[in-house]
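Trainee: Handing you this structure, nothing more for now.
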Amino acid sequence: MRVKIIVPSLGESITEATIAKWYKKQGDSVKTDELLLEIETEKVTLEVNAPCNGTIGKISKTEGANVAVGEEIGEINEGASANTAGTNNESAKAQAVTQPTSEKPAVANNTLAPSVQKLVTENKLDPNNIKGTGRDGRITKGDVLATINTTTTSAPAISKSNEERVQRVRMSRLRKTIAQRLKDSQNTAAILTTFNEIDMSKVIALRNQYKEEFEKKHAVKLGFMSFFVKATIEALKLIPSVNAEIDGDDLVYKNYYDIGVAVGTEQGLVVPVVRDADKMGFAEVEKTIGILAKQAREGKLSMADLSGGTFSISNGGVYGSLLSTPIINPPQSGILGLHKTEERAVVIDGKIEIRPMMYIALSYDHRIIDGKEGVSFLVKIKQLIENPEKLLLNL
């Protein structure tokens, strides 16, 4: 019986994808749930597994092809591998007697995921020398990065005098989507950015005082992001328009707080969402952000992790950014930009003191948020971070 291989549901509002990599070819035997191919959507890369045992009877859509949800991309002849197993057994045994066994199976380039193959090629690595830790011994991106880290210190410098000076690389669907959405945001929203600065002295002191006890009790490190998430929620409650969006001729005010946290990955920027962050404690916020960030870097985020979000936070400070104007993530109406904390001279009670200061920025849609509201939003965050006890006491 022939069983169709179809493009699965890709999540909310996603109707099209690109075939990134086939791991099987026509005639190959497959088992139920064995990896067949990877499909790249505008947000994540998804695996498509075999629905039954059999052999690949047809591949109708090749790598690089755009496909729609529910579209047939191939078929499996169910049970075909089982019918031929008996006849193949004897020849397999004969080959086992006459052919020497390799200590380490070769890894063909066509078994590597596109992102992994790219790393291997760019760093001139032999995949046969990389131990795979993924499913069925597959080489993961982490395996390649670990190999790079262990070899870079001893590897001789490579002259690039004879290499091509220009490399043309096809944009991934994720990169195309990032480019399109950011440009759409600029073309649609009336984006305005307002700035403020925060004295980080008290929140740094509070973190230093309790970070070891916090980690021991909650099994997660106490960072600054949880303070900013909680402060942001209080500011959103004070200024509801920042948590709203425009839908046609209507303004939609949201009475829940799903906070998107921007994460930079090798494939591009993604914004996983911390759901109902207002109902979480500091430890749960830190754990959730840590899990989502790890999944983002490993390419394991689901569509649900990336969908929705009422407001976003982007922390360019981790890369050393001192000041920036973040771009709104549509259909949201605002995004908070955090930056590098550095010691600066400030006037405190008429005296010059050295304090750890951070610039913060709010980019917002001026169609729905007035200037007064934007400034008040940042002032509220400033007040809470400079007096973190108010966050803890819900003041």
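Here, residue 1 is simply the first one shown, and the rest follow in order.
Using the three backbone atoms N, Cα and C, a Cβ is placed for every residue, glycine included.
So Swiss-Prot says this about it:
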type	residues	note
DOMAIN	2-77	domain 'Lipoyl-binding'
MOD_RES	Lys43	N6-lipoyllysine
DOMAIN	111-148	domain 'Peripheral subunit-binding (PSBD)'
ACT_SITE	His366	active site
ACT_SITE	Asp370	active site
Trainee: Compile a sequence-ordered list of residues in the same chain as His366 (active site), six or more apart from it, whose Cβ lies below 8 A from its Cβ; state 'none' when nothing qualifies.
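Mentor: For His366 (active site), the qualifying residues are Ala189, Ala190, Ile191, Leu192.
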Trainee: Which residues, sitting 6 or more apart from Asp370 (active site) on the same chain, put a CB under 8 Å from its CB?
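Mentor: Listed in sequence order, they are Ser241.
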Trainee: Just give the helix, strand and coil counts over the domain 'Lipoyl-binding' (2-77), going by DSSP.
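Mentor: Result for the domain 'Lipoyl-binding' (2-77), in helix, strand, coil order: 0 helix, 40 strand, 36 coil.
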Trainee: Using DSSP, how many residues in the domain 'Peripheral subunit-binding (PSBD)' (111-148) fall into helix, strand and coil?
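Mentor: Each residue of the domain 'Peripheral subunit-binding (PSBD)' (111-148) counted once, the result is 24 helix, 0 strand, 14 coil.
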Trainee: Specify the secondary structure state of His366 (active site) as given by DSSP, simplified to three classes.
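Mentor: In the DSSP reduction, His366 (active site) maps to coil.
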